[in-house]
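What TrEMBL says about this one:
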TRANSMEM  A:21-40  transmembrane segment
TRANSMEM  A:110-132  transmembrane segment
TRANSMEM  A:153-186  transmembrane segment
TRANSMEM  A:215-243  transmembrane segment
TRANSMEM  A:255-277  transmembrane segment
TRANSMEM  A:297-321  transmembrane segment
Amino acid sequence: MSSLLPLVRNETIKVWKKKRFFVVILVLLVLIPVFTYAQMKVALNNRDKFDDWRLQLQQKITDYQNQLSSDRIPEEWKQSRRIAVQQLQYYLDHDVNPDSPNAVTFSRSFVEASITMFIPLLVLAVASDLVSGERSTGTIKMLLTRPVRRWKILLSKLIALTLYVSLTLLATIILSYLISGIFFGYGGWTLPVFTGFVIQGSEVDSSAVHAVPQWYYLFMSAGLTWLSAMTIACLALMVSVLVRSTAASIVTMMAAIIAGSILTNMASSWHTAKYIFSVNLDLTNYLAGSPPPIEGMSLLFSVSVLAVWAVAAIIVSFSVFTKQDMLN
Amino acid sequence: MNRGNGLWRLIGITSLITTIVFICGFGFAMNDILNPRQAPSLGDLGEPEQSYVKDDVIHVTALGDSLTKGTGDSTGEGYVKQTIKLMEGKYDKPVKLLNNLAINGMRADQLVEKLKSDKGYRLAVSEADIILLTIGGNDLFRFARGGNAASKQDAAADNTAENEASSSQTDDDIEDQISLEEVKTNLAEGVGLLRQTLELLNSINPDARIVYIGLYNPFYDVAELRDGSLQVQDWNRAAYDVIHRYPNMLLVPTSDLFEKNLTRYLASDHFHPNHDGYAAIAQRIVQAID
């Protein structure tokens, strides 16, 4: 174990020196103001049209109800609308504004919205060239000629990756809080958020619904987001071991993630799709009580699927990496 | 080397702590979802905010069925938005639509239910200066209750531009679906519910002016269904029975508008008004209110 810590240190500093993490920060610094601006436009528009958020919420409910009466809308879609109506009604009945504009609400919804695409993309920026990058530059040979077992080298890379996944998520939350706070104010930590909606068919069972302060909700969604980000990180590490070039490794992972999000949006009747990892990434859905993309999915199911994929990826990467010939 | 050491400490410790925090967050989330605590009392959520509706503006809330929704108007304005525009001209004051809470196919019993229990409806009604209301069409022509016919018409009306063809099928279908006997039995029940609706509105907000838009017979040009106009008039008469007792209520008749202008004022679904039909209704409303 004593020989592992210097290796982790080495890997961590290597990623830092390669400025991968700066890219992540830069992307966040550009994109978060864009989203904040869009959000502010929406808020201004709503303030213009509605004096009171309750009236706005009621209008939203009525609009959803009107959509339900149209025959052109597919049944799965109607079902999710029906559920949304019941949840919004619950908020209205308890006089709680589900999207009051403040920095914490923004950060919370930003994390929730980016769990399937944006966070994985940022993770890929660090993870994808962890091994393949060293191979294309040839430094992998230097690393492997040291008197250290190969599995230790890969393990140190995995640990460093874990650290950077956490840092990426932390940076996302902090930056979105700081930037959106300029426009929306920095309050909102203690606002109540409802969680615990249980969905049965198109009915919402609200007997287990309870209010939690928003900071606690953000804390929980961050934890769930971290788990999906880690799954992506493990898979990206595997691809990076298997594929020679960094570009190929990023493209492979992106293709898998985008395919998953397309499948999710299709409200698929193809039930076995639920075993694909990228369909299961949206763990915060379960916290908000949105209907799962495919029937029969639950939090436990999704977490297990993600865990199986992550563990399989780790096993593959270790067994390949320890036996692979490093030719170049 | 020294600088590398400091950097490593900083990154290492920060990221280790965040990792532990996120793992805890994940644990708490799992626990919260899998073992949801029974709902605690929600009384401690804080005082409801005071409403901040401004005074120097006339506030309008629209309630009711597809007519208030504006179904059939390809511009999406319906009579509600046109009325508001005309009112702004008449009063020279800003007029603001608080909410248009109309739902396609809504019946009086559903509206009564909403007004009794739905906080959002009650709030929108209580803050309005003028309430625009259409209800009863779906109670009287109960064929809509079957659901299929009504939603077919709504769907057709939603995109009149695409569905011009649907107008050709209407006449024959409608005759099959409506029997005047049925309409008669629906009348008594429906009027009772209308009375309840108006009384509820009045009890929620006794200061608001309530404008009820009367029914018309969209099938006046179908010879077998022309007598339906009698039922429509009976309905309007019964509605007026309730309305004339309250000084703040007003019945705006529309049946005469449509009788000779069905082709000009009706949308392609042969049931809802089109843009011009709604414009005519809006003019009536603005002429009638003081």
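Cβ coordinates are placed from backbone N, Cα and C, and glycine is handled just like the others.
If one looks beyond the transmembrane segment (A:297-321) by at least 6 residues along the same chain, the residues whose Cβ comes under 8 Å of a Cβ in the stretch are 131, 150-151, 153-154, 158, 227-228, 230-231, 234-235, 237-238, 241-242, 274-275, 277, 280-281, 283, 286. Same-chain residues lying 6+ beyond the ends of the transmembrane segment (A:215-243) with a Cβ under 8 Å from its Cβ atoms: 104, 107-108, 111-112, 115-116, 119-120, 123-124, 126-133, 154, 157-158, 161-162, 165-166, 168-169, 173, 189-190, 193, 195, 249, 252-253, 256-257, 277, 280-284, 286-287, 303, 306-307, 309-311, 313-314, 316-317, 320-321, 324.
Residues 15, 20-21, 23-24, 27-28, 31-32, 35, 140, 154, 157, 160-161, 164-165, 168-169, 172-173, 176, 180, 218, 221-222, 224-225, 228-229, 232-233, 236-237, 239-241, 243-246, 248-250, 253-254, 257-258, 260-261, 264, 278, 281-284, 288, 321 of the same chain lie 6 or more positions beyond the ends of the transmembrane segment (A:110-132) yet place their CB under 8 Å from a CB of it.
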